[in-house]
Amino acid sequence: MAWRNHSTITEFILIGLSDDPYIEALLFVFFLGIYLLTVMGNLMLLLVIRADSRLHTPMYFFLSNLSFMDLCFSSVTVPKLLKDLLSEKKTISVEGCLTQVFFVFFSSGTEACLLSVMAYDRYAAICHPLLYGQVMSGQFCVKLVLISWGLACLNAFVIVLLAINLDFCEAQTIHHYTCELPALFPLSCSDISITTDILLSSSLLHGLGTFLPIFFSYARIISTILSISSTSGRSKTFSTCSSHLIAVTLFFGSGFLCYLMPPSGSSLDFLISLQYSAVTPLLNPLIYSLKNKEVKAAVRRTLGKYL
């Protein structure tokens, strides 16, 4: 997919997180640690779910897909960030920029869809337990995952088409540490009003389209939990979806701030983006490992088997 011929820019310059070599060295160690923990945590979760037959259920099938997308999401931005922290000149080619934009939206969009699917899974398990096995069949679960991947890919493709239709004449410094589409808008010498509207509409459509099913699922879940007479029963039922609820809050909270707030190039923009793309993929396996008794038991069984 080629850039338009009348655009004279062949690469962009990223301002990065700092221009102080000592701070960059500290940041490199910090984000390298985050990335290694993210990779190990998500790979461990994938291994445990794969190895333990007790976790071969719809909930953990969706969780394994979420862990895989967390690996992809983190790998789209963090390795390039680490490279730039060790480089004096932080550049990215136009093709590399487009590729990064596509995979950021693809991986984050798939995560949003998967979190929505997982909310429906919890709704089916809690509100219709007798029909759960029939509703959440293996074939249906695979279809939901494939639809999640397909919708996210379509949304990312539309967004990359927006970037391709932008003209860049002189300015080439991106006031960000990564290649995000909103950060490219100030560099364009073409009219971006329609492009901005389409991006906002696309983000709202995909964001609300995945968030509203979560909202309505949890409205029914909470209603069902409140109808349970015993306190221990309510607590036990709620514990089955508390990990997912925390993951949803982290992902959608930072995601809406990242893409619906106008870019200002401030430190707050950087912090929100880093939390969204680097920290959340690290926290998800920790949340599901520490708050889920089945996963903790499976980790012990798996470690005991291999060690």
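Heads up, the Cβ atoms here are built off N, Cα and C, so glycines get one too.
Noted in TrEMBL for the protein shown:
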| type | residues | note |
| --- | --- | --- |
| DOMAIN | 41-288 | domain 'G-protein coupled receptors family 1 profile' |
| TRANSMEM | 25-48 | transmembrane segment |
| TRANSMEM | 60-78 | transmembrane segment |
| TRANSMEM | 98-120 | transmembrane segment |
| TRANSMEM | 140-164 | transmembrane segment |
| TRANSMEM | 210-229 | transmembrane segment |
| TRANSMEM | 241-262 | transmembrane segment |
| TRANSMEM | 268-290 | transmembrane segment |
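Within the same chain, residues 1, 3-4, 58, 61-62, 65, 97-98, 101-103, 105-110, 112-114, 116-117, 120, 181, 184, 195, 198-199, 202, 206 sit at least 6 positions outside the transmembrane segment (140-164) and bring their C-beta atoms closer than 8 Å to a C-beta of that stretch.
By the count of Cβ pairs under 8 Å, the stretch nearest in packing to the transmembrane segment (60-78) among 25-48, 98-120, 268-290 is 98-120. Within its own chain, the transmembrane segment (98-120) has Cβ neighbours under 8 Å at 1, 3, 59, 62-63, 65-66, 69-70, 72-73, 76-77, 80, 92, 144-145, 147-149, 151-153, 155-157, 159-160, 163-164, 178-181, 206-207, 210-211, 213-214, 217-218, 244, 247-248, 251-252, 255, 276-277, counting only residues six or more beyond its boundaries.
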